[in-house]
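Per Swiss-Prot, these features apply:
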type: BINDING; residues: GLY38, PRO39, ASN40, GLY41, ALA42, GLY43, LYS44, THR45; note: ATP binding site
type: DOMAIN; residues: 6-230; note: domain 'ABC transporter'
Amino acid sequence: MMKEAVTVSNVTKHFQRKTAVNNISFSIEKGEIAAILGPNGAGKTTVVSMILGLLKPSEGEIKLFNRVPDDQQVREKIGVMLQEVSVMPGLKVDEILELFRSYYPNPLSMKELVSLTALTKEDLKTRAEKLSGGQKRRLSFALALAGNPELLILDEPTVGMDTSSRHRFWQTIHGLSDQGKTIIFSTHYLQEADDAAQRILFFTEGQLVADGSPMQIRSRIQKQSVSFTLHSSESLERLSCHPEVERVIHEHERTIIQTSNTDKVLALIFQENIHARDIRIEQATLDEAFRQLADGNREAM
């Protein structure tokens, strides 16, 4: 039985003299929640456009459920939620949803769509052009789910949502994943990717430079930090001269020492008789991991 929902094999995409995507390969299994991340211009949008069949690779091939992306059977299995929401003026939300449901052989029921997306009775009877930003996001999510897709592709899905709406949204996404649906999303909220994604694919300069769970990616970088509070008059000069201390940051009322050897820094704090209180050892953040990966990739080019 085929386990992969998406297979990308040796794919390159050229635009005139620019290479937007350079020889990437990966596969995403059914039921997986994967985040595609990277700085602006990294190739993320091009990759997603090729997965959707909107662009064709210059080299290599992409298969969705072992078929080409523009196959009609494949299109019926995909739901897409874009960052920019286009509405159909003159129609009410329930009319738009019924129209979209009619395009698919096995659509979700209206009751299921309302339950999954938190659309209210008032939302359903509102004309599209009168929707608020939050209502438009809920409609966009409902349209992506209308055909009961096996693969959901979400572009910055929680932009404009408040904290409770985001929490509910990701609860729904995990429930869909538990049903075997595959979810691919992009986001600039790295904490969201850390919390929601089972797997992260990080792109920079058109290359796939990291692929793994959030924990696996964080573990690829060595930087950690030791933080503590300190008496305001105490100097850290004698601590700063040691090579294990890479950087000293004063943030709010805490002192943060970046290092690749936390054990040595802890020993130095006591050895130098630093009167530190509330000492904490912290792992690298996903943001720090991505900055190091992006910088390392530029240096290698």
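Cβ atoms are placed via backbone N, Cα and C, with glycine included.
If you draw a 10 Å sphere around the CB of ASN40 (ATP binding site), it holds 7 other CB atoms from the protein chains shown. In sequence order, PHE203, THR204 are the same-chain residues whose CB sits within 8 A of the CB centroid of GLY38, PRO39, ASN40, GLY41, ALA42, GLY43, LYS44, THR45, the residues recorded for ATP being left out. If you count neighbouring Cβ atoms within 10 Å for each of the binding-site residues PRO39, GLY43, the highest count belongs to GLY43. Mean pLDDT, taken over the domain 'ABC transporter' (6-230), works out to 93 on the 0 to 100 scale. When secondary structure is read from DSSP and collapsed to three states, LYS44 (ATP binding site) falls in the helix class.
Sequence-distant contacts (6 or more apart, same chain, Cβ under 8 Å) of THR45 (ATP binding site) do not exist in this structure. Figure note: comparing Cβ neighbours within 10 Å for the binding-site residues GLY38, GLY41, the maximum is reached by GLY38. For ALA42 (ATP binding site), the same-chain residues lying six or more positions away in sequence with a CB closer than 8 A to its CB are PHE203, THR204, GLU205, GLY206.
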